Amino acid sequence: KEGYPVDWGNCKYECMSDAYCKDLCADRKAKSGYCYKLNWSCYCEGLPDDSPIKTNGHCRPGGRRK
């Protein structure tokens, strides 16, 4: 699957570079990843089906963990 990976607080990962997102997505077993610069968030492609991605729901910033 593909989408914006989220942390424990259901928050997307902010980015400024593709390299950061590529590493973040690789850590989550995705095939590729990049920084989607229209909203400055990491986007992953080829994620495992059980990987959490952004859906409807609020970001709870206190839950940030990598």
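Placed from the backbone N, Cα and C atoms, the Cβ positions cover glycine too.
Of the listed residues C11, C21, C21 is the one Swiss-Prot pairs with C42, by disulfide bond. Sorting the domain 'LCN-type CS-alpha/beta' (1-60) by DSSP state (H, G, I as helix; E, B as strand; all else coil) yields 10 helix, 17 strand, 33 coil. Of all Cβ atoms in the protein chains displayed, 25 besides its own lie within 10 Å of the Cβ of C21 (disulfide bond).
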